[in-house]
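Taken from TrEMBL, the feature S-adenosyl-L-methionine binding site covers Thr151, Gly172, Asp194, Asn235.
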Amino acid sequence: MPFLELSLVVRTEQQPRAEEALDDLGALSITLRDADAETPDEQAIFEPGVGELPLWPTITLDALFDQHADRRGLAAALGELLPWLEPDQLNFAEVADQEWERAWMDQFKPMPFGRRLWIYPWNIEPPADDGLVVVRLDPGLAFGSGTHPTTALCLEWLDGLDLAGKTITDYGCGSGVLAIAALKLGATGAVGVDNDPQALTASRDNAERNGVADRLALFLPEDVEAEAADVFIANILAGPLGELAPTFAAAAKPGAPFAISGILAGQQDELLQRYAEWFDELRVDTREDWVRISGRRR
Ligand SMILES: C[S@@+](CC[C@H](N)C(=O)[O-])C[C@H]1O[C@@H](n2cnc3c(N)ncnc32)[C@H](O)[C@@H]1O
């Protein structure tokens, strides 16, 4: 399937906001490159999804959209989200599906999180060891392989909970990695929510791959039909986390442990204030430049 690629050249300090805007507009994947690199060999490529903050002075963000996406509409919406954007910072191209989005899978190795949990690429056979909880994953174009610090923060938090017999809601499920990990750690049922239909497809495929599809219900945000859960987790971005706080409060049972991530260091204070309306025992944990807030529904 070919894609529409929107490339954006920005200064380093503009990158987080530009990436958030592309994500909000529904980019299927976002890759970061050094805009000043002259040869492909010099162009270190960051993993898809929300990126780190590289030291390059200028950065090219390559965002993939559905091939039928409206170029003019995207350019106008970006102009509203990023008022400093000049037309010459933007470029559209059609790209063939060269499976390039999978090239990074070669770098994707088994990774441990917490005491028992491991994420394995779908094409590597895990060892037979009853003490390990293994999630087999093919993120495809959806975000969530475990390589990003925010996913890692969430996986470690899940590994530290007693999930036996519990239900969980994973809001912004991406590849389904968190919901599937929770099910493999003992949760009886999970709800995954994402506003990207491609993420729901990836979550379903991964749930099948892990033999937990019958315990995972998947919804677009507008279609959610689910009771409040025993545990709640959301790894999105600070903006939507702030807006969705009342939705999350309603989705978590009284006393439910909750965690949110996707928060850049420095963005946590406003969220702590907002979530204190519904959640207690709030604490902040950090990994690289990213933050996880956890606590308990009042
Ligand atoms: C950073 S990824 C997290 C994926 C996975 N849960 C993980 O931890 O790796 C965020 C996901 O949230 C979804 N998302 C962003 N804004 C959303 C919103 N307002 N409602 C539902 N999903 C949203 C994106 O499509 C994306 O799949």
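Each residue, glycine too, has its Cβ placed from N, Cα and C.
Structure with TrEMBL features highlighted.
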| residue | record | DSSP (3 states) |
| --- | --- | --- |
| Thr151 | S-adenosyl-L-methionine binding site | helix |
| Gly172 | S-adenosyl-L-methionine binding site | coil |
| Asp194 | S-adenosyl-L-methionine binding site | coil |
| Asn235 | S-adenosyl-L-methionine binding site | strand |
